[in-house]
Amino acid sequence: MGRTSRLVTACLLAASATAAPRGPIPIHRRQTAGTTHANLTRPSPDIDWQPCYENSSEGLECTWLTVPLDYENLDVGTTDIAFIRYLFSKDAEDLYYNPGGPGGSGIETVLNAGKKWGDQWGMNIVSFDPRSVGKSGPTISCDSPSSGNKTATLKRRQDSTIVGDLKGAWDSNLESNAKCNENNKNTEMKYVGTAAVVQDMMHFVEQTAASKGGDPASAHINYFGTSYGTGVGQTLVAMYPDRIRRALLDGNLYAVAHYQGWEPSGVDDFAHGIWLFSQLCFEAGPKWCPLAEGLKSIDEVHAAFDAVVLSLGVTPIDCGDGSAPYDQNSFLAEISQFMYSATSMGQISNKTTSYALSLADGDTTQVCASAAETRKIKKREDAPASGDDHVRIITAVDIAGRYPFRTYEEFKAAAERLEETAPYGAFQYATGNGLIGLGFDGIIPPPSQYFTGFENGTTYETPFPVLFVNTPGDPVTPMSSAYQMSKLFIGSSVFILNIPGHGYQGARSKCAEDIIATYFADGTVPESGTWCEADVATEFYFGAEDLGAPRTS
C-alpha cells in the first residue's frame, strides 16, 4: 500500500463528515523611485498629468485631483484622489481599472501591469487609489480620532470552531463593528462607498473629455475591473448605462447580495476548486503533486484531500501553545488562500500531503509548526494599516443599514442553511465576510451616493455589451455570480476560462486573449457560456516554468 493510500485509510477511519472556508488577495508592491504623488504639485480640481515613478520613459504619469465629497452638496467639502496612467499613446482610448478589495490600490497595479496591458490592448491604462485607499483621502480608520489604538482588527474564528457554534464570532464582531460604527458616525467615512468611487471615475472621464474639447455629458468610459472591482463595474453600468463603451469584469462578485450584506453564494465554486485541484494533481502525477502517489484516479486524490478535512473535523489538534485547536476550518482557511493563485496547486498538495502523513502517523509536530508560522504571517499582515478597516467601512457604507440579521438566531439559521449546500466554505464565510455588516447602522451615505443595489431587479441596456469572465475554481467569486449579474445587463455575455484561481490572468490562454482583444477592438462578445482552455502544461499549476506546452489530457 502506498503512503497516500495508507494516510487516506487512516484518516477515513477516524472521520465521519464536516465542511468549511476562504479569504483576501495580497497586493504585490514593487520598489519605486523618482517622482511620486507625494512630491507632485499640490492637488488640483484640474487634471494635470506629470511624469512619475521610476522615469518617464516607462510612460507613467500621475495627477492628484480634488473632488467634492458629495457631488450634489458641495458645501460638505472636498477630498483628493490620486490617479495614475500608463500612456500608450495620446491618441489611444483610456481604459479605467479597479483592482478590487475593497481597499486595493490601482496605483500599485498600474506600476506592475499597466505597461503590459497598455501594449497588449493598445490603450492608455488609467487607475487610481479609490477614496480612503493608499494616497487618496479621506483617511479611513475604525479607531476614534484620539484613541491612537491601531490594533482593532477583528477576532474572527477565535471563539468558535464549527458551524454549530458561531456565538463567539457573532459577539466579537458585534462589539468591534459597533465601536467602529460609533467612531465614524457623522464623519467623512459616509462618503467612501462604491457609488462615490463610480462618481469619481465619471467625473474624471468628463474632465478628460472637456480638456480635449469634447462634450462631458456624453463622454463614454472603457472599464476593466477584477474581484470587488467587478462590483464597482456592475454599479458603474447600473448608474451610467448609456455611457458604457466597454466593461470587462473578471472574477465577479454578486453585487445584488453585496449591497444587502449577505453574499453566501461566494463559496459556490470552492468545492469545484478542490475537484479541479484533484484532477490537475492526478494528471501531474506524484513528481509534481505528492498527494497523487499510489492513487489511481481523480476520485482517490479527492478522497485523500477529504480525509484530512474529515480527520481534523472529528479530532482537532491541540498544539498546546494557547492557540485555538487546529481543526478542519483552520486547514481549509489555509487552503483557500492558496486557491486564489492558479500556480499554487503545489502548495495545496504539499500542505495536504504533509498533514495527512502527520495525522496517519500520530505526529502533529509538522501541523502545529505550520499553523504557528501561519499565525505569525497573519499577525504581520494585521499590523496597523491593515486593509481590514477598508473592507469593513466601505462595505458598511454600501450596505447602508440593510444587513439582514438582527439576532444571533437569525444569523445562525442562515449559516446552517449555507452549510447544507456548501461542502466547504460555510464556516469561513459566516465568520468572515458574512459578519461585516453586523452592528453598522450609523455610517449611511448621502442620498446622492445611496445605491439601491439592484433591489427591484431592474435591467440595463448599454450601447455595447458587458463582458463577464470567470474561472470555475474561484474560492470567492464564483461562476454563478457572473451568470446572475449578466441577466441584469441586456446583451451581455459570460465566458469561462477553465483554470484554477481567482481571475482569468492566472494562466496563458490564446482563446481568452482573443476574445478580450476582439471585445476591446470592436465590442463583439462571444456566445454566452463559451469555455476556453489554457495553453499551459498541467505541471505549470504546480510551479513548473511555462514552456508553452498545453495540457495533454
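Any Cβ shown, glycine's included, is placed from N, Cα and C.
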Looking at 23-47, 373-397, which one does TrEMBL call region 'Disordered'?
23-47
Roughly where does the domain 'Peptidase S33 tripeptidyl aminopeptidase-like C-terminal' (461-532) sit in mean pLDDT, to the nearest integer?
97
Of the residues in the domain 'Peptidase S33 tripeptidyl aminopeptidase-like C-terminal' (461-532), how many are helix, strand and coil by DSSP?
24 helix, 17 strand, 31 coil
